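Asker: Here it is, the structure in full.
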Amino acid sequence: MSDVKKVVLAYSGGLDTSVILKWLQDTYQCEVVTFTADLGQGEELEPARQKALKFGIKPENIFIDDLREEFVRDFVFPMFRANTIYEGEYLLGTSIARPLIAKRQIEIARATGADAVSHGATGKGNDQVRFELGYYALMPGVKVIAPWREWDLLSREKLLAYAEKHGIPIEMKHKQGGSPYSMDANLLHISFEGRHLENPAAEAEESMWRWTVSPEAAPDAAEYVDLEFEKGDLVAINGQRLKAHELLAKLNELGGKHGIGRLDLVENRYVGMKSRGCYETPGGTILLRAHRAIESITLDREVAHLKDDLMPRYASMIYNGYWWSPERQALQALVDHTQQTVNGWVRIKLYKGNVIVVARDSKTDSLFDPTIATFEDDQGAYNQKDAHGFIRLNALRMRIAANAKTKRG
């Protein structure tokens, strides 16, 4: 079909990417390298190796990489420094994983001499954009193969027929007690799409949720947790310092137990359509609330407001696939600069789906001055008479406008 010699496929070992693997071999007559990323999705990844071997992939062309620490340290934490939320709700669990997968695919392509990369994203979704913008940003001349935009296997029936014809194992997981939904998981979240969720008027079934108990079934006793931050990043939980991915895993455990982090939303995809999805982001929900709390005591007011103004733009960059763009990197530099003083601890209370901040402090960088903020006698620390001139000057433009309106009648 083309002069592609070797292609690196983002390979999960599931039905779709297994069909893609065989299709690449048959259609492009090229050597295939498989790459499977461990992002903390909680699945056994060794079967992906065994499946690749059955397709004739050379052992040296099978890559299964543990990227959990890099994912949280270099992608999730930088995003949370900006308090990033897309369209007021979505914590970008899928979006933030794609730049890392693309990065590693390109690294493998360079190491193995591959001239092409391939992914399993459909032509309807955001992931095709996220993957491919990453590929081109990191390796401008790379050939990109997107099977869902090329082949004629455009229905589930055709995909299954192709798999059966070529001896590809068909795992009907939902018949074995698994999920019938299209799912994506990593350490930050798990998402659910498809089936009856395509009807936005239908409530999600309780049996769908994997990581969280329902708030109604959560413990009747609240749990207090202390979180410590350094330069905007979480470094310890209840005094225990852990690696970045271990911290997020611990927050997921705590949040899941208390029914925290469920989300059912209709989002605006970059390609133009609206899509309904359900998400569980227990650890991320806790982290966002706690990070905003420590910022509230350590950030200057105008800096905090500037961050809030810029955050929706930053969120759109990540959602739409522009992680590797110069504008995202420039904005990240600004965000990271603001985090130099975001040091301290936050105490939260977890209770039946709620994350409640109950205390926060910073020994080194707190801007909260109790001698000024007190409602008691401040011993002259704040001269209330100064407020008169402050108010009159701020009212000047409105007084001028009112006078002009009076003259006009």
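Heads up, residue numbers simply count up from 1 along the chain you see.
Placed from the backbone N, Cα and C atoms, the Cβ positions cover glycine too.
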Asker: Please pick, from Glu107, Glu203, Glu267, the residue that Swiss-Prot records in the L-citrulline site together with Tyr90, Ser95, Asn126, Arg130, Ser182, Ser191, Tyr279.
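Answerer: My reading of Swiss-Prot gives Glu267 as the candidate in that site.
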Asker: Among Ala37, Ala97, Ala137, which residue does Swiss-Prot annotate as binding ATP together with Ala10, Tyr11, Ser12, Gly13, Gly14, Leu15, Asp16, Thr17, Ser18, Gly120?
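Answerer: Answer, per Swiss-Prot (ATP site with Ala10, Tyr11, Ser12, Gly13, Gly14, Leu15, Asp16, Thr17, Ser18, Gly120), from Ala37, Ala97, Ala137: Ala37.
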Asker: Based on Cα distances to Ser18 (ATP binding site), point out the closest of the binding-site residues Ser95, Thr122, Asn126, Asp127, Glu267.
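Answerer: In terms of Cα distance, Ser18 (ATP binding site) lies closest to Thr122.
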Asker: Who sits close to Ser191 (L-citrulline binding site): which same-chain residues at least 6 apart have their Cβ under 8 Å from its Cβ?
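Answerer: Counting only residues 6 or more apart in sequence, the Cβ neighbours of Ser191 (L-citrulline binding site) under 8 Å are Gly93, Thr94, Met183, Asp184, Ala185, Gly277, Cys278, Tyr279.
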